[in-house]
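Student: The domain 'ABC-2 type transporter transmembrane' feature in TrEMBL is assigned to A:16-217. For A:26-46, A:53-72, A:103-131, A:137-159, A:171-190, A:196-213, A:225-243, the entry in TrEMBL reads transmembrane segment.
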Amino acid sequence: MKTRLPLPVHLQFWDLFLIELSNWRWGWRNLVLTGTVLPIFGILLLGSFARDLGAHALSFVLVGNLVMALLFEHMGKLISHFAYLKMAGSLDYFATLPIRKSVLILAASSAFFILFLPSMFVVLAGGAWILRLELHLHPLALFVVPLCALPLAGIGALMGVSFRTPEEAAATGRLLTILMLTIGPVLIPPERLPSWLVWLGFLSPATYAASALRQVLLGPLASRLLLDSALLAACTVISFRFVDRKMDWRED
Amino acid sequence: MKNRSDSVYSVSRLTKIYPGKNTPANDEISFEVKQGEIFGLLGDNGAGKSTLVKQMANLLRPTGGNVSLYGQPLQEDPLLVPRYVGYMPQTARTLNSLTVSEALYFTSHLRGCSRQESKREQERLLQLWDLKDIRTELCSRLSGGQQRMLQLATAMAGRPPILILDEPTNELSPQRRRHVWETLRAENSERGTTIIFITHDAIEAEKIIQQVGIMHKARLVALGKPSNLKKQLDQQLRLELRFQPDSPPDLPPGLQPQELAEDHWMVRLERHQVEAALSGLDLSRIDDFQLNSATLEDLYLHYT
């Protein structure tokens, strides 16, 4: 009997990446709103409070709002996307194609990251202008920015496939987003937070993402970047392994 | 593939109980589907048909029993179904952000066709399923019937040797339903494609079904060739009568009509009752009548 062999992994990735990238057709309005307008307003609001506290505090406002955009736009979108795939039966469609689950997860994460990039540039440039901060973009940003997005993508996909309905997944996602923004020095410098909140922050990947982004976007680079990168990479591996295991093609 | 018989699918004592439920959705179901066969599954709503085909597509984990494809249990190789089976689910909301052409191209390519083959396959399927005029439309903007035609096309993309179709003619107009059955029959006779489908459209499906399974309350209550199963209906005939709703006809004693609509009855007759029934009818009160031998729909109604 004539049967075809599955496509090589890189071609599977490219097809699935293009399929996932086509989500810009319905998602661009939300990207403008929650990915750009919301963080810019956040910068305006928090910046007016933090202006008297100096450049150090303003750097937390800028990068914290960038992380907020990442959480809403990248993690939040992947929560909704995977919850919808599950609810609409699209996962059944993918399950009956000769593709790897892990490639689908990676393709969706990559595509949604690409969709987030324009918002990130607008928030970064607009925020720096509003806060009168000077950007010092380090070439390592090319490596660090995707590394900050990947663990959040893994957590988003994991939440999307774990809840029974898209509504449950989205509500829990919003709660998690607020938690990740408030625990740890993401929006507010650590010296202005209670120490228990700073300690709790070590459990959140948003803390390491904010720290790494501050170093590669505003400088200076410190040895802390190595620790941040290692922990973000570990979070990525763990979350992707969890989602790969949880997103069983075969339902119970 | 190791397979000593000509069976494509072998389903053995398959049982499915969903978590939190006490009653099974599938209860000890066993049957085989042969190479190149058209196998139709009939049954009332909630009988367990979709649960059965989802297990055959390896999308649901059985509670008991097993399903083998070409002699190999499905759970042993996750790529077994994707390599051989084109599956069309009951719901129609996949690939919403792609256009019709893109959905066909990517499905063909992901099933292992080369880029050129995928483009040819895309054009063939657009033509075959009459989707040319909507090729640039987003899938999310299609009507229910168009979505169903696209789903049929994507199930066939890359020419898999087995098709599993969950209610392929739902939401389709009579002309499109006929087109679906004709296309599936051609696919089967020209390429030897094994086709397994669920339908409620028993009268139309009868033209192509070679083996039928009838499900009722989670069990497979009848299995075999339609002609053989019909013999078990004691040579019954069906008399359909159409009349004005305000003056229904009087039937000879002993005959009980089944009301299909307020102006449409169906009466089951044994062969020896035919002459008396027809001669006893007042034809002036009847607009139209038809006398038929048992159909697949009668079988379905008989067993459910």
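Note: Cβ is positioned from N, Cα and C throughout, glycine not excepted.
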Student: Which listed range (A:26-46, A:196-213, A:225-243) shows the maximal number of Cβ pairs under 8 Å with respect to the transmembrane segment (A:137-159)?
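Tutor: So the stretch in question is A:225-243.
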Student: Establish whether the number of Cβ pairs under 8 Å between the transmembrane segment (A:53-72) and the transmembrane segment (A:171-190) reaches at least three, counting only pairs separated by 6 or more residues.
Tutor: yes
Student: Residues of the same chain, at least six outside the transmembrane segment (A:103-131), with any C-beta under 8 angstroms of its C-beta?
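Tutor: Tertiary neighbours of the transmembrane segment (A:103-131) are 9, 12-13, 16-21, 23-24, 27-28, 31-32, 35-36, 39-40, 43-44, 47, 51, 58, 61-62, 65-66, 69-70, 73-74, 77-78, 81-82, 94, 145-146, 149-150, 153-154, 157, 217, 240, 243-244, 247.
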